[in-house]
Every structure is written in structure tokens, then in C-alpha cells.
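> Structure below; questions to follow.
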Amino acid sequence: MGLGEYFQEKLREPTPEEAEYAEHEKEHDDDATLGAHHGPSLTSWKAISIVGVTSTAMMLNICGVTSMNIALPSVGRDLGIPTSTLQWLMSAYSLTAGCFLLLFGRLADIFGRKHVFLLGDIWLIAFTIACGFAQQGVTIILMRAFAGMGIAATIPACLGILARTFPPSRARSIAFATFSAGAPVGAAFGLVLGGILTQYAAISWRAIFFVMAGIGALTLIGAWFSFPPDAPLAEDRRVDWTGALLITVGLVLFTFVLGQGEIAPQGWRTPYIIALLVVGLMMIFLFILWEYHVEFRTSRPPLMRLSLWARAGGRFAAVQLIGFLAWSAFATFSFWATLYYQEYLGLPPIQTMLRFLPMAVAGFSVNVVFALVSGHVPANYLIIIGCIGTGLANLLFAVINTGSPYWAFGFPAAILSVFGADFIFASSTLYGAKIARHHEQSLAGGIFNTVTQTGTAFGMTITTIVYDTVVWSQSAKEGVVLDQDGTNASPAAQLFGQRCAQWTSFGFAMASLAVAVVAPRGMGIIGGSGKKSAPSEEDPAEKEKDLEASPESAETSEDADVRRNVAETAEPQSPSAVRAATPHPANNTLAIQRGSPLMRVMTEDTVVDEDMDNDKPQQ
């Protein structure tokens, strides 16, 4: 039996946790006790405030990256940081933010999402303030790395809170789309904040960190009052620290090597680069083996269930692969477009910032469109559209005419790039919330964000190798002897290298498109009430899953998974027994409250289910 078949077989066996939950549902799903085991409904302002706080947290995450882009030269001059080390102001933050997502996602699912968010936000605020007081390069880099750990705690917690607060409904689509919109808004806000404060504030770049800490404090206050309280902790709160150590250290080493390999003293042949790459990959492989052992051979709860990747016919894994490839294209587009504007065209940072501002407006608009269409268009079609948009942005810069105005190439590329990224991000996170069970919501969000962070590092490494190879080759043809950093290359050689890098990114986008066309078929409608079924080419087993997760049964997809797994191993039941085990639609639906249309949408189908948060990890 293959590993994939073994996962599928294991999925058919209900865990003690799932069997207990299914029995609990059967005991309470009669007309006399409808809603008795559910928590209180949210008011409209409560729902809106939850979405606002989580979206602000996402905005702060991206703002922490983009705000430093313009400030880097000033920070380097003030603290005496050499150019070769300056990149670590960016890399240290992203490195820890990406590598600790799995651990903190799991901790949020075990110990409570609100608790983890609040602690992570406090941690982020403290080390962001410390960055503003840093007097040495090493100090600010370390503080940035610690601040990234705060982001790693808040983002998975936000996704888990949204998934648990908003059951499958139009409200959930709007909530996830608004959360996704925090990324482009944060990117634009960070660029503006970094440019204005660095140039005009009395304390220059230090003001950036104090403003961000202030926004973090407002988010902390909002979360304290708006987030629903965590339910009583699960009985089995054991943490797979061995798995956490293996994957965290493995990802840190692997990501570090991807960022340093091209600029190391001897490039990729540098001994410590080779050693760290081997150790990092080995630890990731050992993590997979360890999680397999913990999940299927012991009673301890794993850090990440490998069987999660096999769910829905492997579509969860396909979505992660699409995210990896798409972010390899999207992140590298922004990087090489910035170099084109600043190094080839010689534009100042403020002018470069203005050319990227349309990305914010487009990103927000795309998420509004997603909220409107996700309840009518199958998710795999939305992902396909996203892959095409990202690829077209890379293509425009790969064939850019340097004499053409900004509106001919730069403007449409800026629009298309976020058009692709936001469609993919919103669709993938919403689908992950649909596939994951109650006690896996934050972990599922952490997985996708880890994959995209790793894809970013991978794409940057590959395109940088392509760029360096092309520039050195072109310079040799021109008879130019390059210095160690290659900064004396001719503008023509640099432009050709940047175009080749964008062609490589276009290849990543087309690879993601190929996967999106073939692999995630049958994802169906993930927004709205989900009344439309998936395409008919699904196999019978998948059709059964969709029927069980449909609103007619008034179940979430997680509930359907639990009920199906128990039913497959239980004795046959009479029709009356089956009807008794089916929840009444009123359990998951609120009456539409008075107020504005936005309030009515945000409260529709929105309940806090405290009993669901009592799910226990696998015994």
C-alpha cells in the first residue's frame, strides 16, 4: 500500500475525538434542544470589529516589510551597516515570521487563538519599539527577527478566529476577503509611511517603528474587547516539541541558505552554505518521518497531521503547491520591478513608491470582487484567473519597452500582479478553512502562509541566480570585467538580466497555472452558502463529501467529515435514526438583524460555537 493510500485509509477511521463529537451532535440535534449547545450569536458591530482587527493585523504584517524598503539606505548610514548586510533588516523579519508559523498555528489551536494572538501582539509591540531605540546594526537585526516571531503568532490565530467565528456563508467570504485585502493595503501604507517618515520626521526612520508599535497597540485593544473568549482548553494539550524543533530549525536553515547562497564568499560552493543546506533539508525530511510516526503509530497529537494534505482527494496539497509557485512569481515580480525603476531608470525611492501605489487600490478592489463572486464561481476557476494575472504581470516586464510610458507596461503590470496574488490568497485560505477541522483551523492557515514564504525565498534565489549568470555572461561578451558584486555591469547587461529574471518568474506563474488547471478540479463553491455543487466529473466519493457538506444538511465541511467517518464504521441505521442525527438548519443560521446591508451580511449565519472549541486533539 502506498503512502497516499495509507493516508486515505487512515482518514476513514474516526479518531476518539471525532467519534465523541459525532455522538455529542446526535444527542443534541432534536427539536427540543435546537441551539442549546451553541454559544451566543454575534451582534453586527461585534462581527465587523473582529474582521477589522484581524485585517489590521494582516496590514501590520505586510507594513513591517514594505516600510523598510525605502528606509534601508538611511538605516545603513546611521548605524554603519554595510550594504552586504543591509538585506538582513528585511530577511530577519521574514525569516522568523515564516519559519514559526506552523508551531504557533498549532499552539493557537491547542491553547486558544485569542490568547496566542494577544501574547503575539504584545511580543511584536515590544520588539518593534526596541528596533526604534537600536544603536547598532546587530541589535536592530536581532530585534527585527524577534518581531517576526510576533507576526508568526498573530496571523494563524487570526485565520483560526475568522474560520470559527464565521461558518460557511457569504459573511465568511467577506471576512476572508477583507482579511486578504489587508495585504495590499499594508503594502501601500508601508511604502507611504516609510517614505514620508524617513524624509520628514525629526527622528527619521526610527519614527516608522514607533508608529507601527502604536498601530499594534490599537490592534491589541481591539482584539481584547472584540475577539470571543477562548473555550475551555482541550484535555490533551501535549505539544509535539520534537516535530516543532525539526521543522522550525529545518526551515530556518533552508531559508537562510536560499538568501545567502548567491552572496556567500564562494557562492553556492561555500562550505558552510553546502553544510547548512544539507542539514536543513535533512531536518525537514526527518520532520515528515516523525509526524508520520506520531500520527499513525502513537497516541500523541502531532504538530501537523500529514493526512491533512491528502484530504479532498489531494486538493489541499494541490492548493499549497499552487501557492508556492504563485508566490515565487509574485514576490520576484515586485523585487525585479523595483530594481528596474531604481537601478535602470534611476528613479528616486519616492517616485518608485508612486509607481507601486496602484497595487494597493487594485488589491482592495480585487478582494471586494472576490467577496461578490466567490459564492457563484468555483474556487478553482478563481485560482486559475489569479495564476494568469500574476503571469501576465511578469510577462509585461519581461518584454518591457524602456522608451514607453509608465501607463503602457508598469501600470497594467501593477494591477495584474495583485489581481493574481489576492485571488489565490483569498481562495486558498478560504478553502483551507473549509477542509480543516475545528481544531486545525489556525494550523491550516499557518501551513499556507509557510508555503508562500518558502515560495518567496525559493523564487528570489532562482531568479537571482538567473540574473547573475546572465549579467556575467553579457559583461564577458562586452569585455567588461565585473567587480565582486557586479555593480559595474553596463545598463544593457543589467536590463537583460532583469528581463531574464522576469521570464523565469513567468515560468513559475505558468507552472502554477498548469497545476491549477489539472489538480484542484471539483473544489466547487467556497463562498456564500455553498448551494452550488462541484462539477459533475468528481468521483462518487467526492460527490458524497460535497452532499454531506451542503447547506441542506446545515453542516460545515468539518462536521460532514466527522459524520462521514463515523458512519463508515458504524452499524447501519434506520431512516428515522439518520434523520435524528441530522442537525436542524436553525442551528447555524441567525435571523437577519436590523441595520445597514453590511451589518446584515456580516451577521448572517454568524455564530460562536463554544462547544466546537472543546474539540480534543487526537488521543
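Keep in mind that glycine also has a Cβ here, set from the backbone N, Cα and C atoms.
Below are the features listed in TrEMBL for this protein:
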DOMAIN    50-523  domain 'Major facilitator superfamily (MFS) profile'
REGION    526-619  region 'Disordered'
TRANSMEM  47-72  transmembrane segment
TRANSMEM  84-104  transmembrane segment
TRANSMEM  116-135  transmembrane segment
TRANSMEM  141-162  transmembrane segment
TRANSMEM  174-197  transmembrane segment
TRANSMEM  203-227  transmembrane segment
TRANSMEM  239-259  transmembrane segment
TRANSMEM  271-292  transmembrane segment
TRANSMEM  313-336  transmembrane segment
TRANSMEM  356-374  transmembrane segment
TRANSMEM  381-400  transmembrane segment
TRANSMEM  406-433  transmembrane segment
> Are the transmembrane segment (116-135) and the transmembrane segment (203-227) close enough that 3 or more Cβ pairs fall under 8 Å, when only pairs 6 or more apart in sequence count?
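Per Cβ check, the transmembrane segment (203-227) touches the transmembrane segment (116-135).
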> Would you mind giving the whole-number mean pLDDT across the domain 'Major facilitator superfamily (MFS) profile' (50-523)?
87
> In the same chain, who gets a Cβ under 8 Å from the transmembrane segment (116-135) while lying at least 6 residues past its ends?
57, 60, 64, 79, 104, 107-108, 143-144, 146-147, 149-154, 156-158, 161, 206-210, 212-213, 216-217, 219-220, 223-224, 227, 442
